[in-house]
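Before any comments, here is the structure.
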Amino acid sequence: MTRLIFLGPPGAGKGTQAQILAEHLHIPHISTGDILRQAMKEQTPLGIKAQGYVDSGELVPDQLVQDLVEERLDQSDAKSGWILDGFPRKVTQAAFLEELLQKIGQGGERVVNLDAPDDVVVTRLLSRGRKDDTEEVIRRRLEIYRNDTAPLIDYYSDRQKLLTINGDQSQEDVTHELKKTLGS
Ligand code: AMP
């Protein structure tokens, strides 16, 4: 049973690696960013509420993403494991997740910290061309990462759940290192 949380700055390759690994392990890749973007595209109530935050690079309110994750982890395909990508993004969300996983009996999660230097992630993001990949929004997302998300590295390290992978190498090398580290 594999339950993984992917942590790391925007542009570190979390989405790509999470997708590859999820396919390899036959478990769902659960990206809160993807779910929010889909909801925005469909203009669902969730999408409408999230739009302004996502477009400007701000975090959407905890309650919205927490409800979304709780609902998603309750679906049948998540019973055999999952990879969470983009959640949790701050300590309050991590505390929520810890409690949720205990409540639904889905423990044993490990956290992959996919790290890469700022200049590398900025270059990657600028070449990606997503709507929230303008220079100003990227700067804001990196700032939020440093202030709100990076503290999760210590949070999970203290709980002995953290694995660190060097994201500053080719996509293939990161995948290889990941599989080796996870023993899969
Ligand atoms: P991502 O695709 O993970 O880069 O997420 C894109 C955007 O979705 C972020 O900049 C936030 O606006 C929003 N988002 C995704 N996950 C979360 C989360 N866990 N908490 C708050 N906002 C989130």
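Quick reminder: no glycine exception, Cβ is built from N, Cα and C everywhere.
TrEMBL annotations: computationally assigned, not manually curated.
Per TrEMBL, these features apply:
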BINDING   Gly11, Ala12, Gly13, Lys14, Gly15, Thr16, Arg128, Gln169  ATP binding site
BINDING   Thr32, Arg37, Glu58, Leu59, Val60, Gly86, Phe87, Pro88, Arg89, Gln93, Arg130, Arg141  AMP binding site
REGION    31-60  region 'NMP'
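Features per TrEMBL, on structure.
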| residue | record | DSSP class |
| --- | --- | --- |
| Ala12 | ATP binding site | coil |
| Thr32 | AMP binding site | helix |
| Glu58 | AMP binding site | coil |
| Phe87 | AMP binding site | coil |
| Arg130 | AMP binding site | coil |
| Gln169 | ATP binding site | coil |
Stretch-averaged pLDDT - the region 'NMP' (31-60): 97
CB within-chain contacts under 8 A for Phe87 (AMP binding site), separation at least 6: Ile5, Ile30, Thr32, Val65, Val69, Gln93, Leu97
Annotated binding-site residues Gly11, Ala12, Lys14, Arg128, filtered by Cβ under 6 Å to ligand 1: none
Which listed residue (Thr16, Thr32, Gln169) has most other Cβ within 10 Å, given these are binding-site residues: Thr32
Nonlocal residues around Val60 (AMP binding site), in sequence order (Cβ under 8 Å, 6 or more apart): Leu36, Lys49, Ala50, Tyr53, Val54
Residue among binding-site residues Glu58, Arg89, Arg130 with Cα closest to the Cα of Thr16 (ATP binding site): Arg130
Binding residues Gly11, Ala12, Gly13, Lys14, Gly15, Thr16, Arg128, Gln169 (ATP) - maximum C-alpha distance in whole Å: 17
Long-range Cβ environment of Gly11 (ATP binding site), under 8 Å and at least 6 residues apart: Ala116, Val120, Val121, Val122, Arg124, Leu125, Arg128, Ile138
For Glu58 (AMP binding site): intrachain residues, at least 6 apart, with Cβ closer than 8 Å: Gly52, Arg140, Ile144
Cβ packing number for Ala12 (ATP binding site), 10 Å threshold: 26
Integer Å distance between the CA atoms belonging to Lys14 (ATP binding site) and Arg89 (AMP binding site): 13
